[in-house]
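Here you go, one structure.
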Amino acid sequence: MKKNGILNKELNTLLASLGHTDTIVIADCGLPIPNEEARIDLALVKGFPPFLSVLDAVINELVVEEIVLAEEIKTQNPDVYESIKARMSDVPIQFVRHEEFKEMTKQAKAVIRTGEATPYANIILRSGVNFS
């Protein structure tokens, strides 16, 4: 058994497979997922696991060079938006309209579905490299 970090086999496999510029999505429970094969469904019940807990676990193990958020998160879910900014203050943010965000998810290697049930609690993470 792993000593610490992410225990989910599919999520570990995904993170280990990412190369530079690959993208993944962490999504609330309502975001449409375009490709069933690329879904890692962690949702257990409404609200669990929360988006921010999953984000924390992933960014603890992944080099992120850029994030993409829906523009609407700023006004429709300011608490989650501020929490993302606080956690990832050194990572550039690209903002797009929600419809464009949904189109961008089609290019992601996978969508990680959480139980989050607040609006626009979705993020695209672009993988960086761990070179010094």
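Just so it is clear, glycine is given a Cβ too, placed from its N, Cα and C backbone atoms.
Look at Swiss-Prot and you will find H20 tagged as active site, proton donor, backed by sequence analysis. Taken from Swiss-Prot, the feature substrate binding site covers D28, H98, Y120, A121, N122, and the record attributes it to sequence analysis.
Could you give the neighbours, burial and distances for every feature on this list?
DSSP gives H20 (active site, proton donor) a coil state; it is part of no helix or strand. All protein chains considered, the CB of H20 (active site, proton donor) has 12 other CB atoms within 10 Å.
According to its DSSP assignment, D28 (substrate binding site) is coil. The 10 Å shell around the Cβ of D28 (substrate binding site) contains 21 further Cβ atoms across the protein chains shown.
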Restricting to the same chain and to sequence separations of six or more, state which residues have a Cβ under 8 Å from that of H98 (substrate binding site).
A70, E71, E72, Y120
For each of the binding-site residues (Y120, A121, N122), count the other CB atoms lying within 10 A of its CB, then report the residue with the highest count.
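Highest number of other Cβ atoms within 10 Å: A121.
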Which residues, in sequence order, are found in the same chain with Cβ within 8 Å of the centroid defined by the Cβ atoms of D28, H98, Y120, A121, N122 at the substrate site, excluding those residues themselves?
A27, G30, L31, A70, E72, I73, N77, F101, T118, P119
